Amino acid sequence: MLAAAGLGWMFDGFENFGAVLALPAALRDFFPNASPTETAAYSGIVMSLNVLGFGLGGIVAGIAADYIGRKRVILACIAAYSLLSGLSALSPDWVWFGISRLLVGMALGMEWATGSTLLAEAWPPHARAKGMTLMQCCNGIGFMMASLIWIALLPLGPNDWRWMLAAGLLPALVALWIRTGVAESERWRAANARRHAAQMATASAEEAEPRARFTLHTLFADPSLRRRAILAWLMSLATIVGFWSISAWLSPYVADVAVAQGLDRATWAGLTGLAMASGSIAGDLAFGAAAHRFGRRPTFMAVFLLTMVLLPLPFVVPHSPALMVATVFVTAAFSLGQFVWLPIWLPELFPTALRATAFAFVANVPRIVSSLGPLIAGALVATFGGFAGAALAIAPIYLVGLVAAWRLPETRGADLPR
């Protein structure tokens, strides 16, 4: 289970960050005479489409996983984002490229909620936080793989970005293994049997029994579950908007500083990506261990607070690329590492029949909102005269996550709700 969920999430990270690294080169290929302002505008549109697709795909997949099973959805999403990534490498223009990234984003979004739910249902309560932490670390490993492969592809010249996206075909091999080597969640099988029994029992009744209703309706019909879903959604909104509005721009920002000092853009973008990946893994491990030792609520309240303080750090230090890369590691440990709360805490808040639906709603609806983040960030940069001011303007959103975490129940050591 860990291997299946971890590999799926690793290649998700690889594909996602590989596209971020390849995007500037792709746009220079499509618009060789574009000004930096025009390139930034096109970049913001493509990134927004990718994030929007992630959110839409995740919602559909999470609901589907509660009806047809976790394994089937994981298999479909890995195969889909592998093939679609390969097709995006053939893009003849930026319109094709943008549409393909929307579709790739939809396929990528299908994996996280489903893989996290599958793994959470397989691990015992005393070790669940450790298992979910290891799975989340795989996303950082995917970031690292993308950075290393990008650096290795640089000698290929103008078509390096196409080869980077074509490498996204590799996860299709993982899908073949999952088809034969991974079992379906036993918790889901039991919950699905109860749902079918409820549907049969109420087939001729006027009012459906709760287990027979549409999962999203059931989630919001129950006051306790509705409250948990809204609070967790606010936490997710803070985490996702905070990252996509500012932290996702770190690689191109450091690369611009490097170019101004006569250094190679692509190399420093790749090095910044390595710093983000290693920072993400360090944060995942640290916060996962803290959540296991001290509890979910105090750990992630502290993480939200520290992320708010540290978010502007790379933009306020002296413009030395090496120093900036070091601060990127620190910032990424918090802005990316805090994502580990979702696979650790979220599955423990909802019953099996609704777990993937709840995860999909909480983790992916904020992505639809945050699809405007790259566009809003560009406006804030113009308003405040730089990324430092924009980061200071966005950082208070982490207070929303802190307050929401304070209001959620502590679940350390508890079994998953049935």
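Just so you know, glycine gets a Cβ as well, placed from its N, Cα and C.
TrEMBL labels come from automatic prediction, so no person has curated them.
Under the heading domain 'Major facilitator superfamily (MFS) profile', TrEMBL lists 1-413. Residues or ranges marked as transmembrane segment by TrEMBL: 40-61, 73-90, 96-120, 132-155, 161-178, 230-254, 266-287, 299-317, 323-346, 358-381, 387-408.
Sequence-distant contacts of the transmembrane segment (230-254), counting only residues of its own chain at least 6 positions beyond either end whose CB sits under 8 Å from a CB of the stretch, comprise 20-21, 24, 43, 47, 51, 268-269, 271-273, 276, 300, 304, 307, 311, 314-315, 321, 324-325, 328, 331-332, 335-336, 338-339, 341-342, 345-346, 349, 358, 361-363, 365-367, 369-371, 373-374, 376-377, 380, 387, 390-391, 394-395, 397-405, 407-408.
Sequence-distant contacts of the transmembrane segment (299-317) (same chain, six or more residues past either end, CB-CB distance under 8 Å): 235, 238, 242, 246-247, 250, 253-254, 287, 290-291, 323-324, 327-328, 330-331, 334-335, 337-338, 341, 345, 386-388, 391-392, 394-396, 398-399, 401-402, 405-406. Between the transmembrane segment (323-346) and the transmembrane segment (40-61) there are fewer than 3 Cβ pairs closer than 8 Å, counting only residues 6 or more apart in sequence, so the two stretches are not in contact. Averaged over the domain 'Major facilitator superfamily (MFS) profile' (1-413), the predicted model reaches a pLDDT of 85.
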